[in-house]
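For reference, the structure discussed in these notes is given below.
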Amino acid sequence: MTDKRKDTGSGKLLYCSFCGKSQHEVRKLIAGPSVYICDECVDLCNDIIREEIKEVMPKRDGNDLPTPQEIRTNLDDYVIGQNHAKKVLAVAVYNHYKRLRNGDTTSDGVELGKSNILLIGPTGSGKTLLAETLARMLDVPFTMADATTLTEAGYVGEDVENIIQKLLQKCDYDVAKAERGIVYIDEIDKISRKSDNPSITRDVSGEGVQQALLKLIEGTVASVPPQGGRKHPQQEFLQVDTSKILFICGGAFAGLDKVVEQRVATGTGIGFSADVRSKSEERTISDLFKKVEPEDLVKYGLIPEFIGRLPVTATLTELDQEALVKILREPKNALTKQYAALLELENVELEFRDDALVAIAHKAMARKTGARGLRSIVEAVLLDTMYELPSAVGVSKVVIDESVINGESEPLLIYENTENQAAGAE
């Protein structure tokens with residue numbers, strides 16, 4: 001390496017010893033013993049080192065696979081309640097990755113089947129959050145798909161193969177990583193066929209999509225264009241083995257409780273032996289979901305072959321007010337903690353009183369949106385405060401109580417100088 005220098009009227013002009021650019025062509029030139037390096041070359045060196053570290057990094061040891069109890073404990077940190085669903089998911093996920101670690105066949109020649117998962121639960125009960133948390137914990141690629149946007153190949157809409165393409169995008173088209181990933185397909189109940197009798201008319205977004213998903217979920221080698229490019233037919237397609245990908249399908253299945261109730265009621269007998277229940281003894285939706293059988297899903301509109309590809313079923317219960325209050329306060333990424341962290345960046349403390357949390361939960365219950373509606377309620381309550389706070393001087397604390405949630409008063413602003421204490425804009 002030689003140090004290129006050139007004398008000028010104002011002194012020596014310095015050059016990067018690696019790329020040859022002058023000090024005027026770069027933002028920073030770092031000096032060493034008889035050599036110089038510019039900021040651009042430093043960035044390039046860092047990129048090279050990062051790539052080499054990736055290549056020599058030891059692959060995840062199979063023994064690092066967390067046990068079902070460890071998976072459940074991790075889910076508890078982020079998802080409130082749904083204990084049965086967590087246990088079912090923990091066992092299914094553990095068995096899936098154990099199968100990948102040891103191969104599809106045991107030493108005795110027993111073939112291990114693939115156990116995809118069906119989540120049944122009301123809107124906002126935590127189906128998506130459970131799937132996301134699992135993927136984050138296991139450090140595997142994760143993608144979501146909306147079943148309502150999927151259509152059969154050849155029709156306007158999103159092809160089923162696009163799901164795998166999205167998964168590849170999440171891991172920079174690394175096929176090996178994608179094959180260890182998790183795919184969550186939401187609103188799966190929306191692709192039920194319109195009746196339980198096969199129709200001669202084309203059901204583009206119903207039974208047809210179920211048929212298209214069959215092979216993908218069960219396991220096939222999907223051909224996906226690199227970078228999603230169909231514009232260049234000469235490019236070689238990437239081959240992805242979907243038998244190694246864990247598929248989790250979720251849906252609210254509105255009306256399924258009626259199907260289950262009808263079956264249960266039919267099986268209880270008639271006349272003197274009938275199981276007569278009073279209004280107070282009527283089963284809740286959550287109770288009925290726990291009794292779901294494959295035949296109920298068939299009657300709902302899922303084809304038997306599709307149900308067979310989702311052998312593990314986990315039902316989630318409707319969240320009550322107490323659970324919603326816990327969701328606001330307890331998880332690692334609880335909403336109150338998130339907004340407190342946002343205001344902390346302005347050096348302002350945020351306090352939610354207990355009665356405020358109950359009021360937020362009550363509003364969410366009235367909207368029938370479960371935990372999903374909590375953020376919009378909190379966002380609306382704090383909108384004006386977050387708008388004005390960056391321009392305000394001397395505010396040290398914001399207090400939210402029940403009256404603020406109900407729109408009866410403004411958030412209480414506490415100033416460093418208590419004499420300037422004010423409520424809202426007053």
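Cβ coordinates are placed from backbone N, Cα and C, and glycine is handled just like the others.
Per Swiss-Prot, the features are:
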BINDING   Cys16, Cys19, Cys38, Cys41  Zn(2+) binding site
BINDING   Pro122, Thr123, Gly124, Ser125, Gly126, Lys127, Thr128, Leu129  ATP binding site
DOMAIN    4-57  domain 'ClpX-type ZB'
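Features per Swiss-Prot, on structure.
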residue: Cys16; record: Zn(2+) binding site; Cβ contacts under 8 Å, 6 or more apart: Ser22, Val26, Leu29, Tyr36, Ile37, Cys38, Glu40, Cys41
residue: Pro122; record: ATP binding site; Cβ contacts under 8 Å, 6 or more apart: Ala252, Ile285, Leu316, Glu318, Leu319, Gly370
residue: Thr123; record: ATP binding site; Cβ contacts under 8 Å, 6 or more apart: Ala252, Lys368, Thr369, Gly370, Arg372
residue: Gly124; record: ATP binding site; Cβ contacts under 8 Å, 6 or more apart: Leu319, Ala364, Thr369, Gly370, Ala371, Arg372, Gly373
residue: Ser125; record: ATP binding site; Cβ contacts under 8 Å, 6 or more apart: Gln82, Leu316, Thr317, Glu318, Leu319, Gly370, Ala371
residue: Gly126; record: ATP binding site; Cβ contacts under 8 Å, 6 or more apart: Val79, Ile80, Gly81, Gln82, Ala85, Leu316, Leu319, Gly370, Ala371
residue: Lys127; record: ATP binding site; Cβ contacts under 8 Å, 6 or more apart: Leu119, Gly121, Asp186, Gly250, Gly251, Leu316
residue: Thr128; record: ATP binding site; Cβ contacts under 8 Å, 6 or more apart: Met144, Tyr184, Asp186, Gly250
residue: Leu129; record: ATP binding site; Cβ contacts under 8 Å, 6 or more apart: Tyr78, Val79, Ala371
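Other residues of the same chain near the Zn(2+) site, with their Cβ within 8 Å of the Cβ centroid of Cys16, Cys19, Cys38, Cys41, are Ser17, Phe18, Gly20, Lys21, Val26, Leu29, Tyr36, Ile37, Asp39, Glu40, Val42. Local packing around the binding-site residues Cys19, Cys38, Cys41 was summarised as the count of other Cβ atoms within 10 Å of each Cβ; on this measure the leading residue is Cys38.
Averaged over the domain 'ClpX-type ZB' (4-57), the predicted model has a pLDDT of 79. DSSP assigns Cys38 (Zn(2+) binding site) to a strand.
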